[in-house]
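Asks: Handing you this structure, nothing more for now.
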């Protein structure tokens, strides 16, 4: 799982400023993302279940073509219906124990955490496959984001002995990703660093190899 978290792209239709979500996703897949999470939330997102399912299936097919895990954010029913590779939930989304009961053994389970205690609880549950930690830096992609924690939270979680794979989230881009990895994350998750880029190939190469020339 750790290798799959290296460059973890998150997006929904609400994040796309040029082109379409499938178009942006395929470019990102060609450039080398290692995981994709379909997150359809907030202003500008698809509103009906049928629209979300249709988009999820199109994105899932693209991920399968490039052999990259396809994860759905906070929609267990849809993830189970289409056979997603994983489900990701936040602290205020579907109750994690219910998610585990429905999904354990069928797909990977990811959980967002914002503190050492939440990370410790995720590890105690025994069925969480990885944790998303943040927001590390200020973000424009999530209106209801938690307070910024900085990279220190990653160091604190690792010092506490948490062994779960960690992906950092929140305001991460090709200029600061090295800090996130140095602090203890196994990978970085990005939204706008890819969706708002004119050259996602270069961005993704730099995210995968922080020393890669820009």
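Backbone N, Cα and C define each Cβ position, glycine as well.
Quick paste from Swiss-Prot:
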type: BINDING; residues: 37, 38, 39, 40, 41, 73, 112, 142; note: 4-amino-2-methyl-5-(diphosphooxymethyl)pyrimidine binding site
type: BINDING; residues: 74, 93; note: Mg(2+) binding site
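So that I understand the layout, could you describe where these features sit and how close they are to other parts?
Replies: DSSP assigns residue 37 (4-amino-2-methyl-5-(diphosphooxymethyl)pyrimidine binding site) to a strand. If you draw a 10 Å sphere around the CB of residue 37 (4-amino-2-methyl-5-(diphosphooxymethyl)pyrimidine binding site), it holds 26 other CB atoms from the protein chains shown.
Under DSSP, residue 74 (Mg(2+) binding site) is assigned to coil, being neither helix nor strand in the three-state scheme.
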Asks: Taking the Cα atoms as reference points, how far is residue 38 (4-amino-2-methyl-5-(diphosphooxymethyl)pyrimidine binding site) from residue 74 (Mg(2+) binding site) in Å?
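Replies: Between the Cα atoms of residue 38 (4-amino-2-methyl-5-(diphosphooxymethyl)pyrimidine binding site) and residue 74 (Mg(2+) binding site), the distance comes to 9 Å.
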Asks: What is the Cβ neighbour count of residue 41 (4-amino-2-methyl-5-(diphosphooxymethyl)pyrimidine binding site) at a 10 Å cut-off, with all protein chains included?
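Replies: The Cβ of residue 41 (4-amino-2-methyl-5-(diphosphooxymethyl)pyrimidine binding site) has 17 Cβ neighbours within 10 Å.
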Asks: I need the CA-to-CA distance for residue 37 (4-amino-2-methyl-5-(diphosphooxymethyl)pyrimidine binding site) versus residue 74 (Mg(2+) binding site), whole Å please.
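Replies: That comes out at 10 Å between the alpha carbons.
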